[in-house]
Amino acid sequence: MAAPRSRSGRSTPLRDSSSEKLDGAGSWDALEWTKIEPVSRSISHMNLEFLLEAEQVIVEGYGVVLVNTDEAGTLLVTNYRLLFLSEGTRNIITLGTIPLMTIEKFTKLVIRTQSAPRQSDKSPSRRLLQIIGKDMRIIVFGFRPRTKQRRAIFDALLRCTKPARIWDLYALVSGPSKFSNTNPQVRLLNEYFRLLGKGFSHASMSMIEDGSFTLSNDLWRISSVNSSYTICQSYPFALIVPKGIPDDEVLQASTFRARCRLPVVTWCHPETGAVLARSSQPLVGIMMNMRSNTDEKLVAALCTQLGGAGEKRRKLYIADARPRKNALANGAMGGGSESSSNYFQSEIVFFGIDNIHAMRDSFARLRDYLDTHGATSSDGMSSFLRHGGWTWGGGNLSSMSASVSTLGDSGWLIHIQSILAGSAWIAARVALESASVLVHCSDGWDRTTQLVSLANLLLDPYYRTFTGFQALIEKDWLAFGHPFSDRVGMPTVSGGGNIPYELSRQSSAGGFPSSPMRQSSGSHTSQNPGSSHAQNSNNYSPIFLQWIDCVSQLMRMYPFAFEFSSAFLVDLLDCMLSCRFGNFLCNSEKERQQCGIAEASGCLWVYLSDLRAAEGSSHVHYNLFYDSLKHNGPILPPAAALAPTLWPQFHFRWSCPMEAQVVEVEEECRKMAFKFSELQKAKEAAENKAKEMTIAMESVSAELRKEKNVSSSAMSLAKRSSKESEAIKRAIQSLGCKVHFSRSGDCTVDIENSLIGTPQKVSYSPKRESESITQSDDKSDLSVSITVVADDVAPSNPIGRMCETLCPLRTRDGGCKWPDAGCAQLGSQFVGLKANFDAFDRLNIYDKYFQPK
């Protein structure tokens, strides 16, 4: 049995009638949040470290309950976001915290629950505030009755989500801070230079001011014809056009296209010369017979000659993103599509992609589906899943099938597949046939941008890196005038009057219905039906979000081709939707230049880059599996691979937070990579320490060897000195002298002679530089003179000097009669002599030298 439908068109899950938990008041009473007492102290007077720079608290609400998860806490409205803090820990509850500009709609609701007849007057009604976000979440806050807190929060949201001036936006209140960057016009020119093969040139503001940026190659040139935005206000100041088309013809051709968005080159193949071009629809009229010679000439110039193929010209495909019937219907308003007979060697192809209104409704139905069947439903029923076990209304298979059918009815995945298929077809024509492709829709800034930028991503591996992805978005989305303010529901710059910075809002007429609260057991009423946020205008549509979804599908198909991860795409979307930075403000490059957005606000690219720099390659924005060599050329997915699925990291993060982590393999790989990185760092540190220790050990070993050599040399000198001292001692003793050495280093020589009555003492101190000691006795015929000099002035042969001084038989000229004199054969190792100590000991000095005459 199919699930019954509610009045809103959404399927209502079947319930087990035997379960008391889902009967009666439902799970609204799971938490008695009406009895919660508010905190006594004011949050705004506390030191809130989690507030951003220039973020200020405006209104506070206490004892508020987040119905999705039955959590109680404090609700704050700041000039940047709606902030929900837990009651006990004061931690930020992520589900209940949403930037103000991410809010699509907010509505006051009253739920009256059924009760016994006698207690009907005592049953208080539930005071609720429903918040619908552009990021797929629907949240509901419950307030205590008779506190007027809901009114205060509601009024603050009305004021803060509709600023009267553009300068009241948080992005401009906070200023550039540390996230300032170069001018986006400079970055656009650098990308143009790369496309033309002039990457060695670097753009600058002076180059823009003096108009010297008009470089060219053999086929294409950069034109300054729109430098003052006089030709097309939604195009960039610089355009790439065929080199053979002068500026005056470019000006004439612009009048034949809707909003003057003439055909210009957005990407060119560096080898084959094939190009991707973009424009808006031609103004052929209801009879489809209007023509423009200059437009046809400009389009024909895109079909340059094939290299090495003589005079053969390449084929041109004109890709119309619209369904054929829609293109014909636009003829009634002056638009339409080209005729292949009017454009040389061309073929017209229709992709059948629906308009912004169909995408808006599809997105709303998808969001409603996820909220209905998610784990954190906003309807107060706790979404069945939170009470576990009996999902799908007691396991009813028909209910499960009905919910899956509801997903199909949303049409979101069908739209994603259409965009993917169209982009893959365009990329294949350029890569396989070397053909040029001109892409357009009605105005050339929604479906055209989606197709062209996605085809660029498939063709050029540079765009699959961080820097290239930034250049791609800035070129095809920002510079070529995708109306972000209208599509995302941000403030728009008014073009009238002398105050170009005032804001205007689109009328809320024609808005799509919001996701209504599902009734539990009572009834609900919506107060202030006109309080819906102005983003419900007829121009609101999640076009950029849809394109990012397509990129995530390609990343799933080619996990090695992209340097960035899904987490990077989610953070990029959050920054865009929140208006925290100024990159996506306004509708065109001209408006951003007039308002000075780049100078007055921070840059999200710098912010995201700083996040990555803080953790390096282990940051969650990096794709662990990226291999630049594996996909260094175009990637052309076959048709069978283009079956999309829901993007878990974005679609499920609020409704099914546990299921949003389905990429657990990637997370585990990231953890393993982080551990490996830490181990690698530890290994490198250990190796460096080991090298340092090895060097230190080698140094110590060298010092030890040096000390050992010094010690060995000292011991050798000591041994030789000991031998010399012993020899000198023996020599002096042989002369009848006794030598005594004291600890102070003084030397005492006792001279003994049998003819002398008393011994004579001669003292010697080595501290003197030189000293001469002479002893004489009148009663003796012996006169002995001992001279002691310092080592540094001693003669080269001290033993010979002593011999010459003491020997009485020496000649007058100082000659020695050795060996006739019969004296001892003295020697010293110090002077290199050899001594016969045995003969010296047997010598009788008194017999030989001192016999009486």
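Glycine residues also receive a Cβ, built from the backbone N, Cα and C atoms like all the rest.
What you see is a predicted model, and the numbers here were worked out from it, not measured in a lab.
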Quick one: which of 116-143, 228-255, 396-423, 676-703 does TrEMBL have down as coiled coil? 676-703
In terms of Cβ proximity under 8 Å, which residues at least six beyond the ends of the coiled coil (676-703) contact it? 617-618
Limited to the domain 'Myotubularin phosphatase' (197-651), I'd like the whole-number average of pLDDT. 85
Spatial neighbours of Trp445 (substrate binding site) that are distant in sequence (at least 6 apart) but have CB under 8 A: Ser234, Arg261, Ser280, Phe480, Gly481, His482, Pro483
Within 8 Å of the Cβ centre of Asn355, Ile356, Cys441, Ser442, Asp443, Gly444, Trp445, Asp446, Arg447, which other residues of the chain have their Cβ, at the recorded substrate site? Ala321, Thr448
Least Cβ-crowded entry, counting other Cβ within 10 Å, from the binding-site residues listed as Cys441, Asp443, Arg447: Asp443
